[in-house]
Ligand code: S3P
C-alpha cells in the first residue's frame, strides 16, 4: 500500500528522459535473436515485461548480456534456436506471448508458453486463428487462453485478413511469415503500430507496406543481420508526465527523446486538440522518429474519440479519460472495446478509479462518457491498480490533483513497464 501525496503549489518542473519504448525493446530482443551476429540495444526498457522476453530467448539458447539498459544479443539465426527444457514463462506480457507464437512457428520444434494469472485470462485465439490460416498449429485451452503449445515447422504463405486491430496479432503473423514457403500478405482492420516492420527492414527483411498503411507483404527467408538499435523513450510512459504537467497548476517540464512514431502519437494529437500547451521539437533520424516535448500547464476542453483513432492511443486511453475528467463538460470515448481485454478490464477500472475522485463516469460496452470538472471532491481515498501497471500510474497522476492524500493498493504492478516511475516523478516534484 503506497501513500500518495498531492502536488505542491509550485507544480512539476525539470527535464526527464523517460525509459525506452516497451514495444521496440521487445522487438529488438526478438529480431536480434533470430539474426546473425551481435545486436546492440541501447536504452533498453528493463521492465518486467521485456525481461520476460529476454529470459524466454535465453531459455531458447540465445546468449544475451545485459548491463542496466544496454543489451547485447548474440544471434545465430532462427535455425539455432533450440527447444527450451522448461515451459517458456511469459509473465504478465501479452506482447511477448503473442509475438512469440508467430516467431516460434518458424522453428523446427514444439514450445509450451505459460503466463501469470492475469495473462492466463487474456484472449489468444486472435493469434492462433489467423496463424492457423498459414497452416501453423497453436493449441490453447478450451477458453482460448494460455497455456499454449506452438508446433513449429510449417508456415504456408498466403493472404490473411485480420479481424481485430492489433499490432501484436499483425506482428505475430509477420514473424511467422519470415519462415513461410512463399510471400504472405496481411490485411489489417485499421493501421496499428509499425515497429516490427521498421525494425525488420533495418535488419535486412523485405517488407512492403501499401499506401493504405494496412496491407503488409512479407518476403520469406531474409538474411537478417544483427544491428545497433537505439530505443527512443516510450510515448506511453512519457504520456503520464505530459498529462500530469498539463493538469497540475504552475508546471513546466521537458521530456527528452520520446518516440514520435505517428502510429503512437495519438495521445499527443488528442492533448493538443483538447488545448494542451505542448511544443514538439523533432530530432533528425533515419530510423524511428523521436524528439523532445515541452509541456506547460493548460486548461483542457472536452473531447470525443472514435474507433479509427483508437490504435494510435490504445495504451493511453486511461490518460485521455483522466484528462477529460479535468475538463469542464462531457467527453466520450467509443470504439475501444479492446480495453476490456487488457491487463485488466480498463473501462471498468478507469471508471471505478475516477469515480473515487468524485468524477461522474458512465461505462459503455466499448468506452466511457465522462462528465469532467476542474475541481474534484474525493469520495474514496483507497485507489487500486488492480494489478495493471497503467491503471496504477494513472492513479498516481490523478492523486497529484486531489485535495487530500490518497493510498494505492497493488502499486508493484507499475514495474511491468516503468520500474523507476516513482523516482522519475519525484525528480519533477
Ligand atoms: C503492443 C500492442 C498493443 C498495446 C500493447 C503493446 C505491441 O496491443 O496495447 O501494450 O507492442 O505490439 P494490441 O496489439 O493488443 O492492441
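If you go along the chain as it appears here, the first residue is 1 and each next one adds 1.
The backbone N, Cα and C atoms fix where each Cβ goes, glycine too.
Same-site candidate for phosphoenolpyruvate binding, as annotated by TrEMBL with 22, 122, 168, 346, 390, chosen from 91, 94, 144: 94. Around residue 315 (3-phosphoshikimate binding site), a 10 Å sphere centred on its CB holds 23 further CB atoms from the protein chains shown. Highlighted here are the binding-site residues (27, 122, 166, 168, 346, 390) whose C-beta falls below 6 Å from ligand 1: 166, 168, in sequence order. For residue 27 (3-phosphoshikimate binding site), the number of other Cβ atoms no farther than 10 Å from its own Cβ, over all displayed protein chains, is 26. Annotation note: residue 168 (3-phosphoshikimate binding site) sits in a helical segment as assigned by DSSP. Reported as a whole number, the C-alpha separation between residue 27 (3-phosphoshikimate binding site) and residue 346 (phosphoenolpyruvate binding site) equals 25 Å. Considering only the binding-site residues 22, 168, 315, 342, residue 122 (phosphoenolpyruvate binding site) has 342 as its nearest partner by CA-CA distance.
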